[in-house]
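J.: Okay, these came from Swiss-Prot:
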type: MOTIF; residues: 44-50; note: motif 'Nuclear localization signal'
type: DOMAIN; residues: 122-149; note: domain 'HhH'
type: SITE; residues: ASP161; note: site 'Important for catalytic activity'
type: BINDING; residues: CYS210, CYS217, CYS220, CYS228; note: [4Fe-4S] cluster binding site
type: MOTIF; residues: 252-255; note: motif 'Nuclear localization signal'
type: REGION; residues: 303-355; note: region 'Disordered'
type: COMPBIAS; residues: 338-349; note: compositional bias 'Polar residues'
Amino acid sequence: MSKDYGTPPENWREVYDEICKMKAKVVAPVDVQGCHTLGERNDPKKFRFQTLVALMLSSQTKDIVLGPTMRNLKEKLAGGLCLEDIQNIDEVSLNKLIEKVGFHNRKTIYLKQMARILSEKFQGDIPDTVEDLMTLPGVGPKMGYLCMSIAWNKTVGIGVDVHVHRICNLLHWCNTKTEEQTRAALQSWLPKELWFELNHTLVGFGQTICLPRGRRCDMCTLSSKGLCPSAFKEKSGITITKRKVKTIKRVKKRPASESPPLSPLSLPTDDLYYQSIEDKSLIKLEDLDPVDSISHMNEPLKKEPAADIDVDQKPPVAFHSTTKETRSLRRSKRVAKKSSQYFSQQSLQDIEDLV
């Protein structure tokens, strides 16, 4: 790893050549829909403007989305995407045309402001220095250096995006936290003739093999030759992740034949009488003669003749007997509740056994 700026890694050239060989065998999205392919080269001034627009739209946007968006602008705008088109179109319509790119609301404002600044300060053309380019809204160092290389054919710096920053740190070419630190570290030792092509090569390599998620180290020759310090080996290209599956413990159901026999409960056979209450926690039974209670069940019902009712006669006064015999016929709440709970539990247990 290069610890100090200006000190190149020992095997950087061998590593870079291997990346170029792998990159030559695949077609990456940047090869066909990158910013350097989206401008009309038959008109140099228009090409420079379209390149700047493409770079401004490229931030937080994939190339597979950037390409169709640029074609949409060229087809829908009257001048085929020139400075006058951006000046004349309203923000709502422009926002609709670029709605697929990331942060399209903010980029709509940037494009309108950029067109006004170019018309007022730069005679309708884009600036020819990085410093002036970065004065435009929404244009940073990466866009500025790439625009100088593509639009003006002047390479004054390395355009470092997330792919270049990530891969250079994986290769231990630098140990940096930001894209600007990576650019300064690379420019301190990388030959200047490789500054422009480095971005295109590493971006394509990062889009096809050294992916941000799920790096294909099994396909990378840097891994097989031991040139990548961050490579990891897998048995196959398929990564199997084991998950813990929660299992529900099933209780073995007991058949009804094995259920324990019900124990008989001795209940008083005396006549029971309960007064009705609101919560219905007591059992209300009919009054029966304790001696003839069983014999009455087998006898047929007898209809008694209706007695003559005297309208003027007053109804008898009801009274409660307090004799010992009457008190013994009353059943306490405790006994009633206990017997009710017993039968409820036995019934539920029998139902569970049957199910």
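The backbone N, Cα and C atoms fix where each Cβ goes, glycine too.
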J.: State the count of C-beta atoms found within 10 angstroms of the C-beta of CYS228 ([4Fe-4S] cluster binding site), not counting that atom itself.
T.: 22
J.: Taking every protein chain in this structure into account, which of the recorded positions ASP161, CYS210, CYS217, CYS220 has the most other Cβ atoms within 10 Å of its Cβ?
T.: CYS210
J.: Setting CYS210, CYS217, CYS220, CYS228 aside, what same-chain residues sit with their Cβ within 8 Å of the center of the Cβ atoms that define the [4Fe-4S] cluster site, listed in sequence order?
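T.: Result: LEU170, ILE209, ARG215, ARG216, MET219, LEU222, SER223, SER230, ALA231.
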J.: Looking only at C-alpha atoms, tell me how far CYS217 ([4Fe-4S] cluster binding site) is from ASP161 (site 'Important for catalytic activity'), rounded to the nearest Å.
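T.: Cα-Cα, rounded: 22 Å.
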J.: According to DSSP, which kind of secondary structure is CYS220 ([4Fe-4S] cluster binding site) found in, if we only use helix, strand and coil?
T.: coil
J.: Based on DSSP, name the secondary structure state of ASP161 (site 'Important for catalytic activity'): helix, strand or coil.
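T.: For ASP161 (site 'Important for catalytic activity') - judged by DSSP and reduced to three states - the answer is coil.
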J.: Using DSSP, what's the helix, strand and coil tally for the domain 'HhH' (122-149)?
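T.: The counts are 13 helix, 0 strand, 15 coil.
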